[in-house]
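**Student:** Below are the structure tokens for one structure; questions will follow.
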Amino acid sequence: MEIKTIMVIGAGQMGSGIAQVAAQSGFTTILHDVNKEAVQRGLQGIQKSLAKFVEKGKLSAEEMEATLGRLQPCDDMAAAADCQIAIEAVVENMNVKANIFRELDRLAPADAILASNTSSLPITEIAAVTSRPEQVIGMHFMNPVPLMKLVEIIRGLATSDETYETIEALSRHLGKTPATCRDVPGFISNRVLQVMINEAVWCLYEGVATAEDIDMIMKLGMNHPMGPLALADLIGLDTVLAILEVLQAGYGDPKYRPCPLLRQYVKAGWLGRKSGRGFYRYG
Ligand code: NAD
């Protein structure tokens, strides 16, 4: 299959990052969101990120202009008719994702591949709402997408070898290293990561140490580039909570029980960097 156009659904931090990398790699890239402002914010974020690459000499001004020229903002799902690959990156909620995959299945060409950037939700279940489960796959990028090298590829029960091979090759074309995982709750990345983040929140909740000291211990002690609480703020605390709930429901194991402090922060609207406040304050 020749891939010319990629559609990204959801223009939040992940969707805009994926769209940036796709456009930088030469693909016509349609960036869609239900919220028009989110698309504009996404495009502004892309512009800022590309300008930083230019500043650092990693991208020429012409390449930046060409990349921006390949990006098509959009608020109509019907644009899916023009894509060979659709990558969904909306909120971590099964009902919302299922509705989008029903729409994509109806609107995208019959041979198009439908990928989800979900952090934890079952690809098999997402695929089952479509008439083409063999062409549905998990393509889990890491945050921030333009900088992080990994794509975790998740094969649903019905994902065909052909779909897998296309997405593996596409990941490399996007400059990423693919790693493959079976369709289990949280896959590998979040099954391991979120337990650590949740434990750090429990430490804060129990007053064992300050947020700064918890993060310092993991940074300087374990050589992690960011502490778990700062990383949770980057991911978004609503997303962290949603993933832990998927892990808890999927494995039925109390070790995934989200810390009450995390729930409280999400209820307060303290979602991390994207809302200006989480475990730390921003802006
Ligand atoms: P975000 O809150 O930054 O963005 C979500 C976007 O989805 C918003 O712009 C919202 O308007 C849009 N949206 C909601 N419903 C929609 C619909 N029906 N149609 C189109 N757009 C819709 O969230 P994010 O951090 O970008 O996360 C998006 C997905 O990526 C989630 O599934 C998340 O689990 C996954 N993910 C997140 C991270 C991370 O570090 N944040 C990392 C990897 C994967």
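Every residue, even glycine, has its Cβ placed from backbone N, Cα and C.
It should be emphasised that the depicted structure is a prediction, and the values quoted were computed from it without experimental measurement.
Marked as NAD(+) binding site by TrEMBL: G10, A11, G12, Q13, M14, G15, D33, E92, K97, S119, N143, K274. Among the features that TrEMBL reports, CoA binding site is placed at S49, K56, S119. Taken from TrEMBL, the feature domain '3-hydroxyacyl-CoA dehydrogenase NAD binding' covers 6-183. Positions annotated as domain '3-hydroxyacyl-CoA dehydrogenase C-terminal' by TrEMBL: 186-282. Annotated site 'Important for catalytic activity' per TrEMBL: H140, in sequence order.
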**Student:** Please give the CoA site's span as the largest CA-CA distance among S49, K56, S119, to the nearest whole angstrom.
**Tutor:** 31
**Student:** Radius 10 Å, atoms counted are CB only; among the binding-site residues K56, K97, which position scores highest?
**Tutor:** K97
**Student:** Which of these binding-site residues has the least crowded Cβ, counting other Cβ atoms within 10 Å: G10, D33?
**Tutor:** D33
**Student:** Tell me which binding-site residues (S49, K56, K97) have a Cβ under 6 A from ligand 1; sequence order is fine.
**Tutor:** none
**Student:** Taking Cα atoms as reference points, which of the binding-site residues S49, K56, S119 is nearest to N143 (NAD(+) binding site)?
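**Tutor:** That would be S119, the closest of S49, K56, S119 to N143 (NAD(+) binding site).
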**Student:** Given the binding-site residues S49, S119, N143, and counting only Cβ atoms in the protein chains shown, which has the most within 10 Å of its Cβ?
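**Tutor:** In terms of Cβ crowding, the pick is S119.
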**Student:** Within 10 angstroms of the C-beta of M14 (NAD(+) binding site), what count of other C-beta atoms is obtained when all protein chains are considered?
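**Tutor:** I count 25 other Cβ atoms within 10 Å of it.
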**Student:** Please compute the mean pLDDT of the model over the domain '3-hydroxyacyl-CoA dehydrogenase NAD binding' (6-183).
**Tutor:** 97
